[in-house]
2 protein chains.
Amino acid sequence: MTKSNLEKDFLAYLQEIDAYHELISLAHWDLRTKIPKKGVESRSKAIGILSAKVHEMQTSDKMKQFIDELKNKTDDEVIQKAVEECELDYERNHKIPQAEYKEYVTLQGQAEAAWQEAREKADFQLFQPYLEKLVEFNKRFANYWGYEGHIYDALLDQYEPGMTVKTLDEVFPALRESLTQLREKVNNSKANVDSSIVLGYFPKEQQRNFAIDVLKQMNYDFEAGRLDDTIHPFEITLNLHDVRITTRYDENDFRMAVFGIIHEGGHALYEQNIHPQFAHTPLATGTSMGIHESQSLFWENLIGRSDGFWKANYEKFKSFAPDFFKELDVDEFYRAINEVKPTLIRIEADELTYALHIMVRYELEKALINGEIEVKDLPVLWNEKMVDYLGIEPANDGEGVLQDIHWSSGDFGYFPSYALGYMYAAQFYNTLNQQMDVDSIVQSGDLSPITNWLKENIHQYGKMKKPLELLQDITNESLNPTHLVNYLTEKYSRIYNF
Amino acid sequence: MTKSNLEKDFLAYLQEIDAYHELISLAHWDLRTKIPKKGVESRSKAIGILSAKVHEMQTSDKMKQFIDELKNKTDDEVIQKAVEECELDYERNHKIPQAEYKEYVTLQGQAEAAWQEAREKADFQLFQPYLEKLVEFNKRFANYWGYEGHIYDALLDQYEPGMTVKTLDEVFPALRESLTQLREKVNNSKANVDSSIVLGYFPKEQQRNFAIDVLKQMNYDFEAGRLDDTIHPFEITLNLHDVRITTRYDENDFRMAVFGIIHEGGHALYEQNIHPQFAHTPLATGTSMGIHESQSLFWENLIGRSDGFWKANYEKFKSFAPDFFKELDVDEFYRAINEVKPTLIRIEADELTYALHIMVRYELEKALINGEIEVKDLPVLWNEKMVDYLGIEPANDGEGVLQDIHWSSGDFGYFPSYALGYMYAAQFYNTLNQQMDVDSIVQSGDLSPITNWLKENIHQYGKMKKPLELLQDITNESLNPTHLVNYLTEKYSRIYNF
């Protein structure tokens, strides 16, 4: 299909925007991995200046003209979808009065600094006035953007297009009920499951070498990516052929780096496997936060923490690991790395209780945005919900309501993606199991049939399909928490003998 | 002094340009140190797109307006100098017709590819047609830009503002005469000076650790820079507080990395020590290629290859070095690392013969641009000059006329900077010696009086002073090759007993 000049101009315009994104992403990667500390101030300014240029291009009259002249007027499906993405961005930006947005950006900076201090001092009041303003801004933004059902839908939609409070409220309570029941069963189990037996000095380089082996098994392409050290691990896409991951090592707990790397590797596979025809357009990324998280969690937990995976890899693991593992057989090891132990801190949570952390946040966010509760009530409500859902209570706000950075940057509507990712992952896993014997493949040590399936069904599309469309196409159903509950029940009933 | 709104706008405009430079420089650093190979294509495109944006800003009507409204109309000396730099760039760009420049950029890409193949095959004819065009373009550019004396002055001025053929032709012949005489004396010497005694397996990490120690002695600030591996070593400035250096290791010849790192460290000190008031303006870099090279050569040779430096550092060096150094005393070591041995390849040349390589190139370039010789005659002329100046003859054009990349990117007028750097370095060294006992300081192991002197007299000014102005201010004289000749004579007469 030959492209019109207008279409070519549009694609060239998108490629310009993408060039900015590529260099800005590189700068973010560098900020978090390599930069010497005195270089940070100038680098941050430079990022700010170039980000403003991108913003100008995304909200320019020229962009508006492309949208008006191409939307529903092109025969090229890729261009049509790209235009739709551009329009979403354009509208989202244009509906907020510029002065208000500027004020908001300034507030974000201040709020993050205030949050950091508040968390260190475990003093919510230091953060409260900023959080109040952030909530007010987000309410207003939601109203500018508009919504059909619940005001919170407008915020959700930024991260998980098509997801609504209605759907979440259908799904989450049942999931919560099942998870808390499972948690109870685990609690009451007399099975001997103790993660401390896998802890002990494990040199960083050896952890790294094992993890690299696993990444290669997953078919992560090291000619199109790299692995570096950082403080808060992340995956970042510079372009579809340069998808980098990072990790942090605890030399007394290999789980942080090994499972962290598998997790980021799952994100990275998604991006490396997007079809190159979408390069340099807004379609060349994962379709939503939830689907992205489904990929990282799929690899980290459903594969990486599975029995079959360790049957295939335990001998190799021991060749990298310290001697004390020689005394552990693979079954003991497998149970140890799957211990369930509710924690106060979300990012340290086990597979079973993780989603409960998300529900605490989702319910509070929704009520804040809806005006049902006030910011000042958060610490008490937080602690109550932690007791209700996880059975433990924070000793202070630092390990309670202040633990996550997200609210300090005004990210409301983001948290549900994490729980959605779990559910999506289990749904994909269920379908995959109908099509192939996943456990046998995992035990064979050649994971490529799995990578290929994910590529073919999910990765290659980038943003061409919306999350719920993708889910429907693959699994023939919509969001369904049963698969996650079934997966967890089967796994933990075996480990905990119930 | 309060700034006018116009001045503030101008500085903000410069800061925008600088933000592009900062991220583009980061991308270049990454391309040469970290990037996975499949990421290169997209990254190069992104760099091209953002470089075009910078070019637009530097040659925009807005820039022209700033120049017209501020030049000689501001009381702020920094702004005045910045305007002058912007004008130079603006004029240089505007005097070349756009279509012609575009054609030239395309040619550069093709010529570099042709040069690479030609060098590999040692076949000058593959490169000749490209070089002919590059020379023609440069002649035309020189005419567009204008000159007072020799046409080559217009090209020189890009790299060494104020330098002329007249000056070089006064200085180079005398220098050449002295250097060839010195080379003869070394040749006839019966002294036992043999670099092979310092060669042998020396693990990379140990080389690196020693070099880092030296960088710290030089007061290179690791909180404002870093050291990485690369293939062709370089220094690169991302901002004044992020000045990175790179190196390459030969595990059988520590000299490559150790002296290479000291060399790049000398470049880096210059940039780290520029006064922060010039940040985000075109003044925040070294004032010329020659002065920059004077800093790297000063540290690499006049300090790093000196007797005193090794007296202070040899015990430490041996603690990092392999055992065979235990059998070498510092005097033997010092003589070995200063062996004079003419090489065909410029970048492998010793301190004494290096400038002779430059003169070969300078004379050929000048005659090419002046129309006195033709491109097709280069191989023969090159070999003749090598025999005349260095006493050795290339076996083929690959190790002869094709060895350097510079001409393939159209960089005519650049080579003299290298020889100028040597002369400047010796002149600075002479003045410094009048003000302090350099050798005692070097032997003391605390190099900070030297770093501070360079900072105070050279580094801090950035581009506020032109190279010859700086030279005059510091040494009370203009370009004078005597100091280099004296320094080399004294050094090598001791080493070679003549």
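Residue 1 is the first one shown; counting continues down the chain.
Note that Cβ sites are derived from N, Cα and C of the backbone, with glycine treated the same way.
Keep in mind that TrEMBL annotations are predicted by a computer and have not been checked by a curator.
Per TrEMBL, these features apply:
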type: ACT_SITE; residues: B:Glu264; note: active site, proton donor/acceptor
type: BINDING; residues: B:His263, B:His267, B:Glu293; note: Zn(2+) binding site
Which residues, sitting 6 or more apart from B:Glu293 (Zn(2+) binding site) on the same chain, put a CB under 8 Å from its CB? B:Ser417, B:Tyr418, B:Leu420, B:Gly421, B:Tyr422, B:Tyr424, B:Ala425
According to DSSP, does B:His267 (Zn(2+) binding site) fall in a helix, a strand, or coil? helix
Residues flanking the Zn(2+) site, with Cβ no more than 8 Å from the Cβ centroid of B:His263, B:His267, B:Glu293 and excluding those residues themselves: B:Glu235, B:Glu264, B:Gly266, B:His292, B:Gln295, B:Ser296, B:Leu297, B:Trp299, B:Glu300, B:Gly421
Name the residues of the same chain, 6+ apart in sequence, whose Cβ is under 8 Å from the Cβ of B:His263 (Zn(2+) binding site)? B:Pro233, B:Ser296, B:Leu297, B:Trp299, B:Glu300, B:Gly304
If I restrict to non-local contacts, at least six residues apart, and a C-beta distance under 8 angstroms, what lies near B:His267 (Zn(2+) binding site) in its own chain? B:Glu235, B:Ile245, B:Gly286, B:His292, B:Gln295, B:Ser296
Quick one: give me the count of other CB atoms within 10 A of the CB of B:Glu264 (active site, proton donor/acceptor). 26
In terms of DSSP three-state secondary structure, what is the assignment for B:Glu293 (Zn(2+) binding site)? helix
